Every structure is written in C-alpha cells, then in structure tokens.
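Pasting in a structure now, in structure tokens, and then I'll have a few things to ask.
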Amino acid sequence: MSNLFSKIYPTTSLSSFGVNHQNLHSNSSTIRCCSNDEYSAGTEHNGYVLSSFPEKNLVPYQHGLVKPPRPKRIILVRHGQSEGNVDENVYTRVADPKVGLTEKGVEEAEESGRKMREMIEKDGGDDWKVYFYVSPYKRGIETLRNLAKSFDRSRIAGVREEPRLREQDFGNFQDREQMKIEKAVRARYGRFFYRFPNGESAADVYDRITGFRETLRSDIDIGRFQPPGQQSPNMNLVIVSHGLTLRVFLMRWYKWTVEQFEGLHNMTNGGMIIMERGYGGRYCLSMHHTREELQKFGMTDEMLIDQEWQKIAKPGELNYDCLITGPSYFTHFDDDDDDEDKKFEL
C-alpha cells in the first residue's frame, strides 16, 4: 500500500495522516471489501471518519484531516446572444445543439468574463481560481471560450462538459409556425409541466438537474477542483448554461415551488447570477445581489426572507420557519395558533 501511496502522492507520507504503516496488513496484495479492520472505510481513526473515497481521506492539513473548504462562489452564466435568439427560423435548418453565438453574443461573453474577473479580484486573495461546468451546446462552449479570455492559464483549475446542463429540448428540427402553436398551448397548460412533442418539459429538466446537483455537491464535499492539500477557499465555480436550465437549477437548489419558478424571469444573454458563500457556509443570492435585483428576477418576499436565512445558516441546517412552502399548504390553522404549530420542516 505504501508503494501505491507514494506513486499517487510522491511528496506526502502516510504519517501525515496519522497512519502507521506497520499496522497495515502484511498481505497488501489482497483486495478487501466491507472489512471490519481497524482502518476500513467508514470507521473512526484519530477522531476522523475514514471514507472509501481517497479524495476525502488524503487531504493533509496541519491539524489533521478536515473537509476541504467550500468554494467561494457558484457563478451561473447564461450563454451570449445566439443566432436563434435573433432569428427563430434558424431552428428549422440547424439542430439546436449546433446553434452558435452572434458577434454580439461573443462580445457579451467577453464582457461577462471581464466582470467576473473584476468581481473575484475584489476579494483580495492571491490564490483564487475558477473551475467551469459547461453545456455541450455550441453556444455554451463558445460562451465559455470567450469569457475565459479574461483568465490566465494558471487561474483555470479545470473544466467539465456536462450534458445535463443542456438547453430544454424543444424537439428536433423545429417548424416555426408549429412552435408558435405549441408555445401558446404551453401558456394555457403551464410552463413547468408542458412537454413539447419529441422534447422535454421544465419538469424533465428538473429531473436531470437534480442529478447534476448531487454531482456538484459531491465535488464540493470532496474538493475535486484542486489537488489534495492545495484546496483554497478562494475557488470559484462557474456554470455556463441556458436560461431555463439555470432557473431550474436555482429552483432545485433552494427548493422553490412550481408557482415560484413560473414567476421567475430569464437572465439576459451573457448575464450572471451569483450564489456566494454566506457567513455560515451556505450559498446565498443576497450576499451579492441587492433586494431590488432579486425582485426584478421574480423572487417573492417569502423567497427573499429565506435568502436572508441562507446568509447566516450552516450547511445541513433546516429553516423550520421557512415561509416558502410549509404554511402555504395548510389553511385550517387559526392565526393565533402557537408558534410551534407554525413551524414546518423543509
């Protein structure tokens, strides 16, 4: 095991993690699963729970093994103006994933990159980096490439193309007149649940974004963005995607209702929404955005009150007094009920 360890972490010794190599099994060639041995995954050693994921275990810090710091921000970026934003007839002859940016869209992406770098540099940290998740659609990739012009190679920690961040699927090659009819039907049926023929509803997007969210949370917990021992709290995650997809991402993250989602407005092309780490460690919109900006985005007073709680809460905590969901579902309580009866777990 020590030989394997030295190949993976040539500058780090096992003793850095409080592990005595003499206590390891002499038969190191044996692969063990679900073992009850002293150092098996999930057991506690020197006050730390060892995980089956090496990224979680092999993170040396001066005072022992601790979870990597959470990134400073999650920055949501909508792609720049696309050819389809200007002329919907494009979709009748070009597949949606192949629709690219206009010249204005390129400029919007470049401007987004400049604003992003300026915002990050105001933090004053000298070890900051950015890590990108990007939609595989052409306009998403082109937006990434142009906003990344503002960052030196040393500032880019990595990039991952993520198909789950693609645009809502409106069907294959689109007939413009038929799409007008479909969108009119959607307005009557409901924007969240209406599924386009051979395509998706926003509810379908919600399902795949749920999977991406779990991947993102795992990446944050493990600290995948930098090598073990080099993680910095000044990491910034950037998600380059599409208008509806990003609204659904926020809906899923903050547990907004369907009605609240349908009240939201699209981001502008090249626009950004910032989820910044609050005082307790959770990601909060009101750390960066003003109340007026969030109201313009379509957030209600109840959603804004919850954001103030997000600003000071710790990861894993529940807002038992949240007004977003609980009280709105029940109509049989009197106004003078005890406070305890008004608390609902999210």
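Cβ from N, Cα, C; glycine included.
In case it's useful when we look at the structure, here is the feature table from TrEMBL:
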{"type": "BINDING", "residues": "R78, H79, G80, Q81, S82, E83, G84, N85, R139", "note": "substrate binding site"}
{"type": "ACT_SITE", "residues": "H79", "note": "active site, tele-phosphohistidine intermediate"}
{"type": "ACT_SITE", "residues": "E167", "note": "active site, proton donor/acceptor"}
Hey, how far is R139 (substrate binding site) from the residue listed as 'active site, tele-phosphohistidine intermediate', Cα to Cα, in Å?
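Here the two Cα atoms lie 6 Å apart.
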For G84 (substrate binding site) and the residue listed as 'active site, proton donor/acceptor', determine the Cα separation and express it in whole Å.
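Each residue's Cα considered, G84 (substrate binding site) and the residue listed as 'active site, proton donor/acceptor' end up 12 Å apart.
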To the nearest Å, how far is the Cα of S82 (substrate binding site) from the Cα of the residue listed as 'active site, proton donor/acceptor'?
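Approximately 13 Å lies between the Cα of S82 (substrate binding site) and that of the residue listed as 'active site, proton donor/acceptor'.
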Pick from G80, G84: which of these binding-site residues has the biggest number of other Cβ atoms within 10 Å of its Cβ?
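It comes out as G80.
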At its widest, how many Å does the recorded substrate site span between Cα atoms of R78, H79, G80, Q81, S82, E83, G84, N85, R139?
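Across R78, H79, G80, Q81, S82, E83, G84, N85, R139, the widest Cα separation comes out at 15 Å.
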For each of the recorded positions (R78, H79, R139), count the other CB atoms lying within 10 A of its CB, then report the residue with the highest count.
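The largest 10 Å Cβ neighbour count belongs to H79.
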Using a 10 Å cut-off on Cβ-Cβ distances across all protein chains shown, tell me which of the recorded positions (S82, E167) has the largest neighbour count.
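Checking each of S82, E167, the winner is S82.
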Taking the mean position of the Cβ atoms of R78, H79, G80, Q81, S82, E83, G84, N85, R139 as the substrate site, which residues outside that list, in the same chain, have a Cβ no more than 8 Å away, listed in sequence order?
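The answer, listed by sequence position, is V99, G100, L101, T102, G105, T143, N269.
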